[in-house]
Amino acid sequence: MSSPIRNRLQLVVTLIFCLFFENVNGLNNFIDNFETLNYRATHVANQVTRRKRSIDSAASHYQEPIGFRFNAYNRTFHVQLHPIDDSLFHEDHMSDVDGGYADIKPSHFLYEGYLKDDPNSHVHGSVFDGVFEGHIQTGEGRRYSIDKAAKYFERDDRPTQYHSIIYRDDEINHRKWRVKRDAENLSEQMQGCGFSSRVRREMTDVQNSGESTDFFTNYMTMGGRSKRANTLRDHDGLYFVRTCSLYMQADHKLYEHIRMKEGNNDPIRTREEIVSLFYNHIKAVNEIYEGTNFNGIKGLHFVIQRTSIYTPDSCDRGRAKTDSDNPFCEENVDVSNFLNLNSQRNHSAFCLAYALTFRDFVGGTLGLAWVASPQFNTAGGICQVHQRYNEGSRGWVYRSLNTGIVTLVNYGNRVPARVSQLTLAHEIGHNFGSPHDFPAECQPGLPDGNFIMFASATSGDKPNNGKFSPCSVKNISAVLAVVLKSMPVDPTRNASPVGIGKRNCFQERTSAFCGNQIYEPGEECDCGFSQADCDQMGDKCCVPHEARGNGGPGPCKRKPGAQCSPSQGYCCNPDTCSLHGKNEEKICRQESECSNLQTCDGRNAQCPVSPPKHDGIPCQDSTKVCSSGQCNGSVCAMFGLEDCFLTEGKADELCFLACIKDGKCTSSVHLPEFSANRTNFLQNMRKDKPGLILHPGSPCNNYKGYCDIFRKCRSVDANGPLARLKNLLFNKRTIETLTQWAQDNWWVVGVGGLVFLVIMALFVKCCAVHTPSTNPNKPPALNIYQTLTRPGTLIRQHRQRHRAAAGSVPPGPGAQPRSGAASAPSRTTPSARPSAPPLVAPQVAVAVPPGVVGPPIPLIATHPGSSSSTPAVIVLEPPPPYTAADPGSAMGGPRRGHRKNKRQTSSDAAGSSGNGGKKKGK
């Protein structure tokens, strides 16, 4: 055998060997390269055991850090962990399993920390049986994932040499499953997200069919104001609320998979593993959204408010049992219908509601979500309430369009954690208003990779995989600008439909965020998100948020040698990064109505508490009194009375301060304590006038309105001309007045009704002549333009039409024709030609050319008593639209809306050919 042939055979054998053993060293189609971990976990387990024993003791509030080390990727990882502070879970977080309350304590098994030799690193995950599972991000930005081996092996096939694996994010292989996806020969390559063009059209139709309701009425009646309605705004008028509450659900498919894998067939362990799964996903999503500047909107944050876990015990043959509310029992559903199952529930109490599953959807789809829009008339996305939508043949149905779904399986393989986390961030991006990245400049590809909102799932190892493109930032910023301009509402209280308008359900953040220029617990300083923010603030002593992963002291840390930062308080010298001394008498707080001036004490960067003034001093234009240095005391309480609201009277009367005296709410104008000759509680511009008038912006009419700058009580919905017109026509007093007047003057109502009917009849009669008709016996419609410009022509044309109609009546039997009628046929000009000839014409002689055989003459019976034996002849002419006309005009063609290609019979075909011959001969 020659050498070239031998080399070719060796090459073929090598290729076959590589293809056959392609996945021998890989866990699945996603992970090819990994390293095993088998560190001793006894010391970790002891820490967890000691914690469980002391959960009821006071010492359980604080837990000593736990640590372990292992070697992988030619380095040593020395991990330091401590229990989470629950900042990722809402203060009212609740868990349920199959609808029943479940006592799950996330702080008992969830941990976060850092690498001991890398202070800028971050570690988060869970610890079960002394084994850690989670993610590590080094100070240089490299990411590692640690998974239990039980996730990839059956219970009887689990390895005994190691308990965990570790792999880098850049070792996630996407080439194989993309080949499989392309091999499906789909008409549309979904590539991870199910938001195809067909699905987009269907979802858009639903989003635009929402039922509108009265926003202002529901807003006030349902107590829509948030716990702190006086939340600050920025220079663009956007409220400083950045926390989005989440409702996380796991269906029975995901529960069953985790129970058979890392759950070890233990129900309690399984539900804790699912909560850990939720935690790791939202933790990764927060890192992405908190680190993104959406055109000035920074610090978006997500908290888990409720978790629901559904088990197979709640389903029976694809349906929920009678005592279960599991919405996901249906077995064989596609991705869009699975999203509909989640959307059928009422999720108005949450910013977003997501369902995680282990269903292998067609086309490799990993997720789907409703896309938000900045348009008020388009529903869907963040904060959308549960309301009715018109779905065509299905009629009106209730939907919650603040929903999305994510699956953890793709073509039979469990998706790596980093991929599913980016998928969740991608679908939430849809909820925030971003479609898929487009055009080409937002799809850069290699070497930096595509962005989060790319239609295909990404591995997460490229620099752009965890970032939003400029296109996505623009789209999300537009939606947030509309939502955050609305007053924040408490979604747990205001859960009723408030129309298609954008509801602001974001809440104030309870945990610290590095980059919001607010000094919070756990931070050394906070000068801003970027270095430009710090420069604008005049702080050169603090490290900004964007310095994460660049080495140095780390974000929100003081620079080396700095004693303090101006972000900590006014008592820090921005030039020297040191405290102002007490002898400098640096003023840090000016005197106010209820507190005295305060200077720095040289011990802290924050300004000391100002000495309060005496209680009872009038403040806020004498509508409040000082209490412990704050202007929040009650004026009525100074006289032993209680505060109340006036609810009856004119608008300018409702803005007076009122107190309850002798069991009645009385205006301060009529109280002797606030007479015109009083010596205290004097108001500006109201000297020698009785009563106290409320400050502009104060609530009035029992919180149904507010006092404007003219000190008049303005209703919340009385902000525009339409609202004023509605109040004028449909308020209770107007309706009662009109009803009483109609009862007293019933005869006027009757006469007016008759006059109205007569006017309408005349209107219809006059306008009927301008309405076209398909009846060939009726005259053509008149020109409305001539009637409007020359009203006199309407009467003349009306008379002419009657005369023409009288002259076209065929004579009765035996009637004599008019002189000359038989000698010559009448001629009419085209303009005066009627729309159709009479069906029966007088008997006239019809000249037939010699040699031409005319059409057969239809006969009719003669009139009884008629002496004429000649039968009458019916002269038939084709009715419109077949009336002879100029072929070049529109009248020569068929009527609009009718078929042109009418099927012909054999006789019709013969007639057509004959007619065609005649035309040709003309």
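In case you wondered, yes, glycine gets a Cβ from its N, Cα and C as well.
Here the structure is a predicted model, which means the values were calculated and not measured.
What Swiss-Prot annotates here:
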- 805-834: compositional bias 'Low complexity' (COMPBIAS)
- Cys442-Cys471: disulfide bond (DISULFID)
- Cys542-Cys577: disulfide bond (DISULFID)
- Cys564-Cys572: disulfide bond (DISULFID)
- Cys588-Cys607: disulfide bond (DISULFID)
- Cys594-Cys626: disulfide bond (DISULFID)
- Cys619-Cys631: disulfide bond (DISULFID)
- Cys636-Cys659: disulfide bond (DISULFID)
- Cys644-Cys665: disulfide bond (DISULFID)
- Cys655-Cys707: disulfide bond (DISULFID)
- Cys700-Cys713: disulfide bond (DISULFID)
- Asn74: N-linked glycosylation site (CARBOHYD)
- Asn185: N-linked glycosylation site (CARBOHYD)
- Asn346: N-linked glycosylation site (CARBOHYD)
- Asn475: N-linked glycosylation site (CARBOHYD)
- Asn632: N-linked glycosylation site (CARBOHYD)
- Asn677: N-linked glycosylation site (CARBOHYD)
- 1-26: signal peptide (SIGNAL)
- 229-745: topological domain 'Extracellular' (TOPO_DOM)
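Neighbours of Cys564 (disulfide bond), defined as other CB atoms within 10 A of its CB across all chains, total 24. Candidates Asn346, Asn475, Cys542, Cys588, Cys594 (recorded positions) were compared with Asn677 (N-linked glycosylation site); none lies inside 10 Å Cα-Cα. In the structure as shown, the Cβ atom of Cys588 (disulfide bond) sits within 10 Å of 18 other Cβ atoms. Taking a C-beta cut-off of under 8 angstroms and a sequence separation of 6 or more, Cys626 (disulfide bond) has the following same-chain neighbours: Glu593, Cys594, Pro612, Lys613, His614, Asp615, Gly616, Ile617, Pro618, Cys619, Gly633.
The closest partner of Cys659 (disulfide bond) among the recorded positions, by CA position, is Cys644; the full candidate set was Asn346, Asn475, Asn632, Cys644.
The Cβ neighbour count for Cys644 (disulfide bond), using a 10 Å radius and every protein chain shown, is 17. Among the disulfide-bonded residues listed here, namely Cys442, Cys471, Cys572, Cys572 has its C-alpha nearest to that of Cys631 (disulfide bond). Look at Cys607 (disulfide bond): DSSP puts it in coil. For the disulfide-bonded residues Cys594, Cys631, Cys707, Cys713, the largest tally of other C-beta atoms within 10 A is found at Cys713. Taking the Cα atom of each, Asn632 (N-linked glycosylation site) and Cys542 (disulfide bond) are about 36 angstrom apart. Per-site Cβ counts within 10 Å over the glycosylation sites Asn346, Asn475 peak at Asn475. Considering only the disulfide-bonded residues Cys442, Cys636, Cys655, Cys665, Asn346 (N-linked glycosylation site) has Cys442 as its nearest partner by CA-CA distance. For the pair formed by Cys442 (disulfide bond) and Cys700 (disulfide bond), distance between Cα atoms is given as 51 Å, rounded to the nearest Å. Taking the Cβ of Cys700 (disulfide bond) as reference, residues of its chain lying under 8 Å away and at least six apart in sequence are, in sequence order, Phe645, Leu646, Leu654, Cys655, Leu694, Tyr706, Cys707, Cys713. The disulfide-bonded residues listed here (Cys471, Cys564, Cys572, Cys644) include Cys644 as those with a Cα within 10 A of the Cα of Cys636 (disulfide bond). Asn632 (N-linked glycosylation site) falls within a strand when secondary structure is assigned with DSSP. Secondary structure at Asn677 (N-linked glycosylation site), as computed by DSSP, is coil. On a Cα basis, Cys542 (disulfide bond) lies 34 Å away from Asn74 (N-linked glycosylation site). Over all protein chains present, the Cβ of Cys619 (disulfide bond) has 20 other Cβ atoms lying within 10 Å.
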